[in-house]
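Features as listed in Swiss-Prot:
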- 3-146: domain 'Clp R' (DOMAIN)
- 6-71: region 'Repeat 1' (REGION)
- 83-146: region 'Repeat 2' (REGION)
- 159-340: region 'NBD1' (REGION)
- 341-545: region 'Linker' (REGION)
- 391-525: coiled coil (COILED)
- G605, P606, T607, G608, V609, G610, K611, T612: ATP 2 binding site (BINDING)
Amino acid sequence: MRMDKLTSRFQNALADAQSLAVGRDHTIIEPVHVFSALLDQQGGSTRPLLMQAGVNVPLLRERLTEILEALPKVSGQTVNVSPSNELSRLFHRTDKLAQQHGDQFMASEWFVLAVVDDSGGLGQALRAAGAEKKKIEAAIDKLRGGETVQTENAEEQRQALEKYTIDLTARAESGKLDPVIGRDEEIRRTIQVLQRRTKNNPVLIGEPGVGKTAIVEGLAQRIVNGEVPEGLRSKRLLSLDLGALIAGAKFRGEFEERLKGVLNDLAKNEGRVILFIDELHTMVGAGKADGAMDAGNMLKPALARGELHCIGATTLDEYRKYIEKDAALERRFQKVFVGEPTVEDTIAILRGLKEKYALHHGVEITDPAIVAAATLSNRYITDRQLPDKAIDLMDEAASRIRMEIDSKPEELDRLERRLIQLKIQREMLKKEKDEASKQRLADLERDIEVLDREFSDLEEVWRSEKAALQGATKIKESIEQAKLDLEAAQRRQDYAKMSEIQYGVLPALEKQLVAASQAEQHDFTLVQEKVTAEEIAEVVSRWTGIPVSKMLEGERDKLLRMEADLGRRVVGQEEAIKVVSDAVRRSRTGLSDPNRPSGSFLFLGPTGVGKTELCKALAEFLFDSQDAMVRIDMSEFMEKHSVARLIGAPPGYVGYEEGGYLTELVRRRPYSLILLDEVEKAHSDVFNILLQVLDDGRLTDGQGRTVDFRNTVIVMTSNLGSHQIQELSGDDSPEVYTQMKAAVMEVVQAHFRPEFINRLDDIVVFHPLDKAQIKQIARIQLQGLEKRLAESELKLDLDDRALELLGNVGFDPVYGARPLKRAIQSQLENPLAQQILAEAFVSGDTVQVGVDGGKLVFAKV
């Protein structure tokens, strides 16, 4: 017998049989070794063949083990194993059967048939397990499908559809697919294309997350329920598993063989199967090697002949990039565009999916949560599509509630930690013998007893609440299963089963659920089991950093006293503070225009009056950190070509993949304050980019992605008109300020285009600072010095005369508050640093600062 005349599967089984014989200390390979190896072979056809023929495989497995145990063993020396005479005889019989059926190679099924016909112990065991020659022959005919074995790998190509596809109709029958709500137009269009005589292969095209795969799942459910035209009623919908097709294809041609096997099986089914290829673009180039044919080219003939009835799905970008380039492949498919559903449609979809998600997480999802998931995801998550992003929000919010149910409540956890702490103290006090320690131990025992009782009561409440929730969840699962059984009975037209479920099982379960729900009616103290709009808003806030959640009382008060908080840091600019505060309040209460930035301002005024400082104060107020402010120095964008740095270089230029400076910062932090400092120094083309941001709250970067600016506050600062402000400064009357603002606006209108100025929410002209305000600023700036000294455990005490001196030295109507910083450095910080180095002041001292002879003097208190 020639080994090279066996199929590769049969050769592997023979090698496994040899290993089995060696492992059991047998010197001869008997037919039972080979049969055991064939039965245990991963992906082999022997076990499915026997099951098809009605053989009791577990019983056969037991008989084979008994025969193996009864074989003689040789131990103590290494011997060569060799095939027995009986095995050689069976192989000759197998070879004869293969030749009779026109096979070039011996396949494992002929060995099984030879064993059934044999009078030996193995044949008797097989027949005892229920094997009959006629049934085995019928099963072989069905397995082979009229084909002969002409290649070594012929066995591996069998049952290709079972190996490399997922049966969506079977999954729909067993209720494993989520319900598909809406999308009737797209499903109808898909059915329409499938019913065509030629080019009956639809390809679903749409953005990621709009529900292309869901449409195919909806079609599978309609086929199962018989809600399709006559031509599609008996068809199976299979999804191609490209990963399984490629995995393990080590040698050249192996992938092509597998795909050919799938196509052959489809041809045999004669149009009874529709193949769904998700991510269709992956077929173009799959398996491509030097000189080899890729999967896309292998599909073309089958598509042209009509042997392959196919539905594809891919995104718009990938369709353009891969499919449109291959005109021959593109013309064999008919496009079906899948658009993003509206918010109303998304709400309907979520309502349909609600039960599945509620059952999975064991929580209750309220209707306001569903509406919030659709509306908030549409407004705040702009880089993804509905309904995918709304479903994700609902899923994550439910997961969060489930996690809180399963973990210990905070109150219980705090009590447990306190108990552990007290018990550790008790163990320590037990070692002490004095009376005071004994008294403390007695007090501690009482405290532990009280806390223990409180902890036990709370734990009991928590466990009972949790058990009540779990009971309701189990009943809901039973109801869901009963509904699936009812649908299955309806398809089988089993009316007895239908009436039993509909009028017996379901009403009883629903009665149990009502009873369980009534038990839950009392408010849970420790466990929350409802997903509300507030939970959805919190998830949105976590994802985007945008404060969407309901304002707490503390935040309301904070926003109402915003002017006072900002005024403590920015002195003398009440109008600017009021304008900015109003914009923030509009944004947080949801009254601002949803299609524009929260606020866009142009701050004008001379240097050093607090334009940039107000932005820093605002960033700290909103985000508790100055780092949340996106500061862009516009003097860096004076050249025409530097505009590309803001939105990213165009294709073909260096840095294309890196994205733009402004767009990337806002994509990462959509809720931020953008400060465009010294805006008048930028090139005029920069303002053309800003027009889009100020009007629509969006900007398209160099890679074509839309960046959302609707939750940002945009502040531009400029020194334009500072000369006019200086000329008219000194008199702080409203008339002079109005005159000054008009003069400044003339300069601004001469520099900026009307369409730019017209898009701004407000243009604020800052007031020049007077001496009294400089003194206030000196007090604010000295707070920073006091903090730095506190790190060295030193205190600072300035009298009014010292503060007056610093204010006088630091006052300059032209330069604003900046000279004050220099005055504090030269008059106070420099001499104080020398005194500290000379150890005139050490840790714990208070530095008293006074004035003597027009200079600051230092004394230790």
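Including glycine, each Cβ sits where the backbone N, Cα and C put it.
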Highest-contact recorded stretch vs the region 'Repeat 1' (6-71), from 83-146, 159-340, 341-545, CB pairs under 8 Å: 83-146
Around the Cβ of V609 (ATP 2 binding site), the count of other Cβ atoms that are within 10 Å: 28
Non-site residues, in chain order, whose CB comes within 8 A of the mean position of the CB atoms of G605, P606, T607, G608, V609, G610, K611, T612 at ATP 2: E613, T717, N719, F766, G816, A817
Least Cβ-crowded entry, counting other Cβ within 10 Å, from the binding-site residues listed as T607, T612: T607
DSSP three-state assignment (helix, strand or coil) for G605 (ATP 2 binding site): coil
Same-chain residues at least 6 apart in sequence whose Cβ lies under 8 Å from K611 (ATP 2 binding site): F603, G605, T717, F766
Model confidence over the coiled coil (391-525), averaged pLDDT: 75
G610 (ATP 2 binding site) in three-state DSSP notation: coil
Nonlocal residues around G610 (ATP 2 binding site), in sequence order (Cβ under 8 Å, 6 or more apart): V570, V571, G572, Q573, A576, F766, G816, A817
Cβ neighbour count within 10 Å of G605 (ATP 2 binding site): 26
